[in-house]
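Listed in TrEMBL for this protein:
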ACT_SITE  62  active site, proton acceptor
ACT_SITE  89  active site, proton acceptor
ACT_SITE  209  active site, proton donor
BINDING   26, 37, 210, 231, 232  3-amino-2-oxopropyl phosphate binding site
BINDING   28, 29, 64, 69, 119  1-deoxy-D-xylulose 5-phosphate binding site
SITE      170  site 'Transition state stabilizer'
């Protein structure tokens, strides 16, 4: 049964505009544990339900070509079950694009994909070879599905994304998450600069990858960021405290950051 509760993101005020910072919870790692034994538990659909109870504004998952974690069955049941928005992440693979057009998620997030990678290692290169992305975007738009692109914080990539007519850009926060000290400050400035470019181009600003309870504050405070997608850190904490509390804890951290921004 779908939940009837409406989850509301954390808000901060920038000038005269109130911006809602939504939390998208990535449930891929729940499916990874299940697939380790090729069994039925833990069920990522049940995890999504609990994440919604904890205050998630959306559920994110990556249907990979190799099906290493999320399976086709998960995608269809998730779309039918949860009441918050569904953000379906996938590569520009015709078979997966067809599935997305059939399921009709609330957002389609296009990412680069390699069978050898442990996790997504970088953003799409739409400033270079964009042919596959162009084809996928057209098919998704024709099906009425809004498209977001996962991009490195690079002004050339953002300019190219705007030219492709997508609705949102999710900035890759991995380099920021891995950096320390002054290097982390430099990466944060890149995110701020590129975030402004995304918004100035008329696209929604999302961010994600490698964000944790300890490093999320500066990213949540970036001007006009609309959504943060976070998975591994939340699921890791959930092993100890449960999914519902782990999600609520992350929502609290985002709220603390946005309150500080609004002062």
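FYI, residue positions are counted from 1 along the chain as it appears here.
Cβ from N, Cα, C; glycine included.
Keep in mind it's a predicted model, so treat the numbers as computed, not measured.
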By the 10 Å Cβ-neighbour count, the most surrounded of the recorded positions 62, 232 is 62
Work out how many Å separate the residue listed as 'active site, proton donor' and residue 62 (active site, proton acceptor) at their Cα atoms, rounded off. 13
What does DSSP call residue 37 (3-amino-2-oxopropyl phosphate binding site) in the simple three-state scheme? helix
Using C-alpha atoms only, work out the spacing between residue 28 (1-deoxy-D-xylulose 5-phosphate binding site) and residue 210 (3-amino-2-oxopropyl phosphate binding site) and round it to an integer in Å. 14
Residue 210 (3-amino-2-oxopropyl phosphate binding site): tally of other CB atoms within 10 A of its CB: 18
Which of the three DSSP states, helix, strand or coil, fits residue 29 (1-deoxy-D-xylulose 5-phosphate binding site)? helix
Using CB atoms and a 10 A radius, I'd like the single residue among the recorded positions 37, 64, 209 with the highest neighbour count. 209
C-alpha spacing of residue 232 (3-amino-2-oxopropyl phosphate binding site) relative to residue 64 (1-deoxy-D-xylulose 5-phosphate binding site), in angstrom: 17
Nearest to residue 231 (3-amino-2-oxopropyl phosphate binding site) by Cα distance: which of the recorded positions 29, 69, 170 is it? 29
